[in-house]
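So the structure is just underneath, and the comments pick up after that.
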């Protein structure tokens, strides 16, 4: 009767435990907490520049006065190809902030490399004021080298406009003849006039 059924059930349980082919029973799923969204949080964005390095940085302050109990604000960077709100543009990336029960907000920032060093990238959650702070700096982009053959700081020579340049010499044209007197000199034997013929006495 019941004892036999209990033995069968115990044997089946033992076989299931000893047999590796049997799939393990599903673990009870932990349902994520569901929150009713209450809208977007307030925020403030401040642009900054490091006077020593010249790096550009952004400081975000997000207000979560009614954040849920036990929830900490989260953030992450998202590429333009991950989001589905705008057509992807490789020039931009997105910075997301999330904290239940508020809606997730995203900021569009230039797609430049972020400086992750400790003093350039930091976050802070103020439990008293319920404000989340995040600051990050962009790495300085490399400066293009000057043109080859020129030391830095020197400008290349400026060519004058075409109308100010002398005309180029004509090609395949014989040189002009040397200057000469257009009137040829007289022959040497004509330089001195011949003497007049001797006068003859007139005939009477």
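Counting starts with 1 at the first residue shown.
Placed from the backbone N, Cα and C atoms, the Cβ positions cover glycine too.
Note on TrEMBL: of 1-35, 36-70, the range annotated with the feature region 'Disordered' is 1-35.
As a summary of secondary structure, the domain 'SF3A2' (38-132) carries 0 helix, 44 strand, 51 coil according to DSSP.
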